[in-house]
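What TrEMBL says about this one:
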type    : residues                                                       : note
DOMAIN  : 239-520                                                        : domain 'UvrD-like helicase ATP-binding'
BINDING : Gly260, Gly261, Pro262, Gly263, Thr264, Gly265, Lys266, Thr267 : ATP binding site
Amino acid sequence: MAQLALDKDFLLEFPSLEKQVRERVSEVFAKFEHATHAGLHLEKITGARDDRMRTIRIDQFWRGVLLAPPNGDTYTLLKVLPHDAAYDWAKRRKASVNAVTGAIEIRDIAALDASIPHMKRMAESVPERLFEHVKDADLRRLGIDEHTLPLVRVLTASFQLEAARGLLPPVQWDVLYGLAAGLSPEEVWDELGASIVGDVDPEDLDAAVRRSSDRVLLVEGPDELMAALAHPFDLWRIYLHPVQRAVVDASYKGSARISGGPGTGKTVVALHRAHRLARAGGRVLLTTFTSTLAESLQASLTLLAETTGAGEAPDVLSRVRVEHVDRLAHRVFREAHGLPELVTAQRERRLWEEVTDQLGLDLSATFLAEEWRQVVLARGARTAAEYLSAKRTGRGRGLGASAKAQVWQAVTAFQELLAERGLWTYETVVEEGARLLSERDDKPFDHVVVDEAQDLYPGQWRLLRAAAAEGPDDMFVAGDTHQRIYGPQVSFSEVGINVRGRSSKLRINYRTTAQILRWSLGLMRGQAVDDMDGGLDSVAGCRSEMRGAEPVLKGFTSWDTELRHLTETVRSWTDAEVLPEEIGVAARSNKTVEQVVAALEAAGLPARALAKGAHEGKGVAVGTMHRMKGLEFRCLAVVGTSGEQLPAPRSVTPEDEDPGAHARDLLRERSLLFVACTRAREQLTVSWHHSPSPFIDAVLSD
Ligand SMILES: Nc1ncnc2c1ncn2[C@@H]1O[C@H](COP(=O)(O)OP(=O)(O)OP(=O)(O)O)[C@@H](O)[C@H]1O
């Protein structure tokens, strides 16, 4: 039976076809599987560079171009074009199988061949060639084939390589890009590693198509076809990069983690992995830090389940529980004890004061509360001895043994007060949840998948660790420590999670243009950022293949003029037919957010303030930098990035009080700006009044 496969380029262009054509495409291909070869009416193309190209009638004017296997049954739909354009496109193309990855490659061979003589002439007057230092054998070993090699040998500058991008299959171009950037063949080989296969048969197109899940979707039936065509923009559901795919499909002996810069698809990988583990019959917890992010994970997971293995979707979805980590804690708590009576911050403060009065201690309520959270709870200290030996990293002044004894006395009294009065804090609910789960032999989950891992607290990690038994694929953790904006620094080992030897990194950014990414990465340059595993993390090598405008950076003399400029910028975007919903404005404080909404509305531009759990809505989305997490916008303005507002003075511990906490607070403020800027897909403006934030000043003077 003929099987249909959809090439990524076809799906990318599908939404821009007229509605009637889209409907006809769906009709024609919904019946494809059941059509016999004779009934398919695939037309051969005279004068084609590749005699396996065929066209199929969509309607009177439109034709689809398919790659037909000479001796297999998988037909790949490459393009839908008006009649003449379809024939012309198909004539010029050649399909081949990459000798290293074994994947299918389609290229405009006519354009490639035509460009070589011209490039050759240009190269004659230049003494050095771009790839002079790389031997043919190394190039072949990396999958550069005989069609590409003549071009490679006449390239003299990297801008020519950039210009040749459209002429080459993406993997071959990536290899050359890596070599031109100074990577050794071995390093390039490593980057390709995920997709290397041996014994490739260049004639076996069916096998090649099956290996090409990063660019070809093998359609399992009409439901899957309809689901793919219904959401053609969400390519992440279908085509994973080989490195992403390898992590999704891997079987790990224990816990594993994925890291990578912003927009590299960590959430996408976490979603696919949760989905795959559930399809294999596991009970999965998919979790993250906030309720809003959990809601967005649920929506994406549903979409994914309805696309892949659509028939099993309800079953698969019933095996994945998506909830943010505090909600899990409260649920486990409620099941055992009913609703907790939570203390407010004020009541907690009074309790600490009661304790210090009772014991006649000279320690402030604020100090004790912080010591309890950041040392006792964070380190999981249950006894005086554990507290005495606990690390107090970041806790400003050192404490002598007698002061520590006093703290422990106060902590014990405070915890007794909570217990006597049946009171709980958010942290003790999480702790109790972890205790309840750790005592259960029948764990509620087989697998725990965590997104935005950098923001979780130690107590939350202990809860998650206790939610699944230790074993193969027990925990999968996705995060980027450069984007830590809530949680403290945690190391996996102190919360009982071992990911050593099971860490992977994603490097290709799918969200942002290279220009925006480069500028945003500059904000983090030189910062020592931990990797949650005893070392330092780096976003070096994170790159984007999309090109666009440079970010616009602008200072103003007053907030009023900055606001006026913002409304003009937003208007210029809407005039250029960007929908208001595709525009975001980020600011450091709620007050600034309110002022921006008012200014946009006064200028007749629809706007809304982002609120908890309300990401969807009409109008320009205006939110604090914290609220920007998990979102992305075609156009984004980051406003009020002035020296007085960023870092926000109230969020930074004074240096003389605690130099460690001061440095960490500053890094968190810097990360906030980094998170905000990396939400932009196509255009970014960053503005301030008076003087720029020191984070920006440093990049401006680079
Ligand atoms: N294989 C893919 N194909 C197409 N689009 C992809 C792919 N992987 C990721 N994307 C897209 O890239 C964008 C960023 O992906 P995602 O949110 O998973 O990245 P992230 O690493 O979690 O980002 P961040 O850390 O900045 O929150 C999304 O729009 C996503 O749909």
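Just so it is clear, glycine is given a Cβ too, placed from its N, Cα and C backbone atoms.
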Original post:
ligand 1 is in the model; which of the binding-site residues Gly261, Thr264, Gly265 have a C-beta less than 6 angstroms from one of its atoms?
Top reply: Thr264, Gly265
Original post:
Which one of these binding-site residues, Thr264, Thr267, has the sparsest Cβ neighbourhood, judged by other Cβ atoms within 10 angstroms?
Top reply: Thr267
Original post:
Considering the binding-site residues Gly260, Gly261, which residue's Cβ sits among the greatest number of other Cβ atoms within 10 Å?
Top reply: Gly261
Original post:
Within 10 angstroms of the C-beta of Lys266 (ATP binding site), what count of other C-beta atoms is obtained when all protein chains are considered?
Top reply: 26
Original post:
Other than Gly260, Gly261, Pro262, Gly263, Thr264, Gly265, Lys266, Thr267, which residues of the chain come within 8 Å of the ATP site, judged by Cβ distance to the Cβ centroid of those residues?
Top reply: Asp480, Leu506, Asn509, Tyr510, Arg511
